[in-house]
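Copied over from Swiss-Prot:
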TRANSMEM  72-92  transmembrane segment
TRANSMEM  110-130  transmembrane segment
TRANSMEM  142-162  transmembrane segment
TRANSMEM  170-190  transmembrane segment
TRANSMEM  202-222  transmembrane segment
TRANSMEM  230-250  transmembrane segment
TRANSMEM  306-326  transmembrane segment
TRANSMEM  343-363  transmembrane segment
TRANSMEM  383-403  transmembrane segment
TRANSMEM  407-427  transmembrane segment
TRANSMEM  456-476  transmembrane segment
TRANSMEM  480-500  transmembrane segment
Amino acid sequence: MAPPITDDDLDGLKQPYVTFSSGSASPPRSTAEAMDFEEQILEAIKSDAFLVDWIGEDDKGNPQNLPYWRKWVITMSLALYALSTTFSSSVFGAATHVLAEEFALPAETVVLGCTSLFMVGFATGPIFWGPFSEAFGRTRPLLAGYLGFAVLQLPIADARSLTSICILRFLGGFFGAAPSSILSGILADIWSPRERGFAMPTVGAFLTIGPILGPLIGSVLVQSVLGWRWIANVVAIASFLIALSTFPFLPETYTPLLLARRAERMRHMTRNWAYRSKSEEAQSSIGDFAERYLLRPARMLALEPILLMMTLYVSVSFGLLYNFFLAYPTSFIQERGWDQTTASLPLISILVGAIIAGALLSFSTNSRWAPNAKEGRPQETRLLLMMVGAVSLPAGMFLFAWTSSATMNPWPQILSGIPTGFGIHLINMQGMNYIIDSYKIYANSAIAANTFLRSLFAAGFPILATSMYAAIGVKWGTTILALLAVAMIPIPILFYYFGAKIRAKSKWQPPL
């Protein structure tokens with residue numbers, strides 16, 4: 001049997017060939033001894049002695065230790081990406097009737113091409129951008145996707161057919177999905193779970209504000225001398241300005257990639273090729289990515305009651321938001337006789353409601369309305385605020401529907417947007433947070449399923465609304481949708497009382 005190896009023997013790994021010091025065990029003479037000695041060397045190499053990780057909690061290379069101001073610069077940059085891409089998702093809705101006249105097509109066809117196809121691209125984008133962010137880090141796919149989104153706005157302004165617009169809008173949604181697919185990962189990279197309670201609602205508010213601002217600004221552009229083509233130019237200019245002002249301050253934050261880079265530097269500095277990171281030990285294949293972003297999300301959505309019902313509820317509320325981008329113009333233009341720009345102003349009330357909800361979420365982060373295992377508050381605690389939103393949403397919708405008559409004062413209908421926006425934002429944010437809490441290490445797969453279905457609902461509701469409001473009007477059309485929102489109210493109540501038991505039986509329940 002070969003003598004045991006010493007530290008001096010391991011030092012030899014720093015050279016191109018293994019060497020032995022004069023005070024170490026002599027090289028093995030027999031084949032058996034040589035094989036035994038090599039096995040010991042390999043075991044030493046495989047040990048954690050050469051595994052590269054963060055050096056203590058204060059390691060400056062760890063994104064969690066970035067300066068506080070730098071974290072907020074990154075967070076607000078992500079918020080601006082979310083704002084501009086979601087703004088683009090709804091802004092062309094203001095040009096629906098103008099485009100229908102210019103291309104001599106039905107309004108439903110224009111809605112399909114300008115809004116719905118963008119959201120279909122937004123739904124399919126995460127299937128690509130999620131794996132891309134794990135293989136190449138956060139910044140590369142974020143920059144590639146956002147710049148692609150900005151560039152694709154330019155040819156829309158010169159498009160001569162609705163077919164061209166449809167293709168460009170779909171691709172714009174696909175590339176524009178990159179920030180939304182990656183931002184939650186970046187926030188998790190730089191903020192602790194407690195700090196994330198403030199950062200996530202901030203970014204989430206911009207995700208809701210963006211599509212609300214779209215019809216407001218779009219209406220102004222359509223009615224101005226600039227015309228509908230400048231909608232795309234404005235989105236492009238704003239996106240390029242955001243990119244130029246934020247990209248220089250956006251570092252790589254993906255821990256596996258940062259540690260792999262550190263391991264590579266150490267290998268070249270020491271000539272010791274045994275240094276490696278955990279991510280280099282477990283290289284992901286195409287099959288792994290397919291499992292994580294296609295197969296597992298589909299299985300979880302089909303087999304997990306919490307994910308299925310919460311995703312359905314969040315998707316309906318998100319679809320209702322896009323429905324209102326058609327309901328408001330239909331009611332205030334066609335029924336009350338307002339001009340397009342003035343008719344878009346009542347949407348501000350939905351924005352106000354969303355901002356109030358965002359402020360409430362930030363305030364409640366460290367209150368009894370937030371989960372806290374040490375104080376005996378389970379994950380289901382956050383569903384209390386979701387219940388508030390569940391009641392607020394249909395209340396606002398009923399008020400909007402039953403005060404829509406042209407003979408009634410418009411202010412009750414205008415102010416109905418406050419409880420509507422308040423409810424939509426609470427349902428979306430608390431539903432997403434509950435999904436993340438429930439599946440933790442499988443949250444990426446759960447969110448991938450949620451994002452896909454949510455975007456499809458946002459694509460489908462405007463098409464439904466166009467036909468429905470034309471057939472039965474705003475009052476009864478919105479009443480039917482409000483009843484759908486009422487039917488969803490039991491979902492957070494059910495999981496508040498039985499969610500813990502359901503999670504305990506889950507195949508994807510993470511270990512404690």
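Glycine too: its Cβ is placed from the backbone N, Cα and C atoms.
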**Candidates 142-162, 170-190, 306-326, 383-403; stretch with most C-beta pairs under 8 Å toward the transmembrane segment (202-222)** = 306-326
**Complete:** Comparing 72-92, 110-130, 306-326, 480-500 for Cβ pairs under 8 Å with the transmembrane segment (230-250), the winner is 72-92
**Asked** Do at least three CB pairs under 8 A connect the transmembrane segment (170-190) and the transmembrane segment (110-130), leaving out pairs fewer than 6 apart in sequence?
**Response** yes
**Item:** Contact ranking winner - 72-92, 306-326, 480-500 against the transmembrane segment (407-427), Cβ under 8 Å
**Value:** 306-326
**Prompt:** Counting Cβ pairs under 8 Å that are 6 or more apart in sequence, does the total for the transmembrane segment (170-190) and the transmembrane segment (72-92) reach three or more?
**Reply:** yes
**Item:** Same-chain residues near the transmembrane segment (72-92), Cβ under 8 Å, at least 6 residues beyond its ends
**Value:** 66, 99, 114-115, 118-119, 122, 142, 146, 149, 153, 169, 172-173, 176-177, 179-180, 183, 186-187, 190-191, 199, 202-203, 205-215, 217-218, 228, 231, 235, 238-239, 242, 246, 249-251, 253, 322, 325, 458
**Request:** Could you tell me what the rest of the chain brings near the transmembrane segment (383-403), counting residues at least six beyond its ends with Cβ under 8 Å?
**Result:** 317, 320, 327, 331, 353, 357, 360-361, 364, 369, 409-410, 412-413, 415-427, 430-431, 434, 474-479, 481-483, 485-486, 488-489, 491-493, 495-496, 499
**Complete:** The answer for the transmembrane segment (142-162), taking Cβ pairs under 8 Å and residues 6+ beyond its ends, is 81, 85, 88, 99, 103, 105, 109-110, 113, 125, 129, 133, 168-169, 171-172, 175-179, 181-182, 186, 229-230, 232-233, 235-236, 239-240, 243, 247, 250
